[in-house]
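The structure appears right after this line, and notes come after that.
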Amino acid sequence: MKILVINCGSSSLKYQLFDMDNEEVLVKGLVERIGIDGSRLKQEKGEDEYIIEEDMKDHTEAVKHVFDAITDKENGVISDLSEIDAVGHRFVHGGEKITKSVVIDENVREAVKEYSKFAPLHNPANMMGLEACEKLLPNVKNVAVFDTAFHQSMPEENFLYGIDYKYYEDQAVRKYGFHGTSHDFITQKTAQVLEKDQKDLNMISCHLGNGSSICAIKEGKSFDTTMGLTPLEGLVMGTRSGDLDPTVVTFLMNEYGYDTKKMDNVLNKESGVLGVSGVSSDFRDLENAANDGNKRAEIALKMFANRAKRYIAGYMAEVGNVEAIVFTGGIGENSITMRESIMEGFEQFGIKIDPEKNNVRGGCHLVSTDDSKVKVFVIATNEELMIARDTKKLV
Ligand code: ADP
């Protein structure tokens, strides 16, 4: 069974074609600058690269080029589009209506439209990808896998904000959580590694990348998470502020005369470790700058580590009987020093990482000492595979 996974942003589209008989990626690619001058598709098949540089005015044209690339005689991997059995789409915000992956129907469309108010850049872009596939592959089933779905198991005491209940009732203002596909994948993988039934597993999943979130998992389900109504809450991120006193927002708007759009941009694009350091949002640059004595880069890294520490420790108390702490995402998988910084201080609770075992990137590794009270793992996430698996299950 061949499944195409599509992840559409407002001007980009990532894709992977899986052979689900052995979960092998046959081909993957990225389209950038959709609707902007200089559109470009880059496809990778093993070591080979195939590039198309041609204007693509919308997502339908981008999807058309993806189909051309994967069926290309020389650079493609299938001879005809009829070989695609289903398409799995990444969707961002399904609100309270979507609690699991679903075959697209009218209810899904309504939910995507309704919750676009909280994901104005993502949900409409995800929809454009879907509509392009429906147009060009009319006989193939489409499945939607939502970032928010995994977190719908959170109890009310963890998803409500400390504001008048009417805002939840009238406007659905609450914590939804994101990165659900990754946290779900990590939970399943950890259960498999520990040879446990997922429903008996309490753990902490730390997805640390450009966007970062931590998830407390109780009995195999999301119990609490750091991202909120939108992906802005929680950890200090590459360019997002994470938690702050809401008064900071109203104060800055008043002082600088910022409107909501500008303020949104400040918090999402100009803040986080980029804003604090003035150096970069990329942790490799920050680690280099800190090593060269840049004070603000050092502070930004410490802020990131401390915020993560606070959530991990808090979630351990919330969930109880935690068996594993797992690091994933670009930083979680690759930054040996950031994992060390985050876990520093947990020794007093009997949780220790082994510096030698921690000297790894990606893959699936136990990095804690033999006598550590909680096992610490590095596990590479794979959201695309998770989407392909759910799609296969549903069709
Ligand atoms: P996204 O959220 O866009 O999917 P990723 O999970 O790919 O992001 O994470 C990207 C981040 O991972 C980069 O910004 C960079 O900070 C970090 N990263 C990647 N490799 C390393 C490394 N070797 N050391 C430290 N940080 C790294």
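Glycine too: its Cβ is placed from the backbone N, Cα and C atoms.
Unlike curated records, TrEMBL annotations are generated automatically.
Here's what TrEMBL has on this protein:
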ACT_SITE  ASP147  active site, proton donor/acceptor
BINDING   ASN7, GLU383  Mg(2+) binding site
BINDING   LYS14, HIS207, LEU208, GLY209, ASN210, GLY211, ASP282, PHE283, ARG284, GLY330, ILE331, GLY332, GLU333, ASN334  ATP binding site
BINDING   ARG90  substrate binding site
SITE      HIS179  site 'Transition state stabilizer'
SITE      ARG240  site 'Transition state stabilizer'
Inter-residue C-alpha distance, ASP282 (ATP binding site) and ASN7 (Mg(2+) binding site) (nearest angstrom): 22
Between HIS179 (site 'Transition state stabilizer') and LEU208 (ATP binding site): CA-CA distance (Å): 10
Cα-to-Cα gap, ILE331 (ATP binding site) vs ARG90 (substrate binding site), nearest whole Å: 22
Filtered recorded positions, from LYS14, LEU208, ARG240, ARG284, whose Cβ is under 6 Å from an atom of ligand 1: ARG284
Among LYS14, ARG90, HIS179, which are recorded positions, the residue with the most C-beta atoms within 10 angstroms of its C-beta: HIS179
Least buried by Cβ count (within 10 Å) of the recorded positions ARG240, ARG284: ARG284
Residue among binding-site residues ASN7, ASN210 with least C-beta crowding, 10 angstrom cut-off: ASN210
Cβ neighbours within the same chain of GLU383 (Mg(2+) binding site) - under 8 Å, at least six residues apart: ARG90, THR181, SER182, PHE185
C-alpha spacing of ASN7 (Mg(2+) binding site) relative to LYS14 (ATP binding site), in angstrom: 5
For the recorded positions ASP147, ASP282, GLU333, the one whose C-beta sees the most other C-beta atoms within 10 angstroms: ASP147
Maximum Cα-Cα separation in Å among residues LYS14, HIS207, LEU208, GLY209, ASN210, GLY211, ASP282, PHE283, ARG284, GLY330, ILE331, GLY332, GLU333, ASN334, which the record lists as binding ATP: 24
Packing count at ILE331 (ATP binding site) (other Cβ atoms within 10 Å of its Cβ): 24
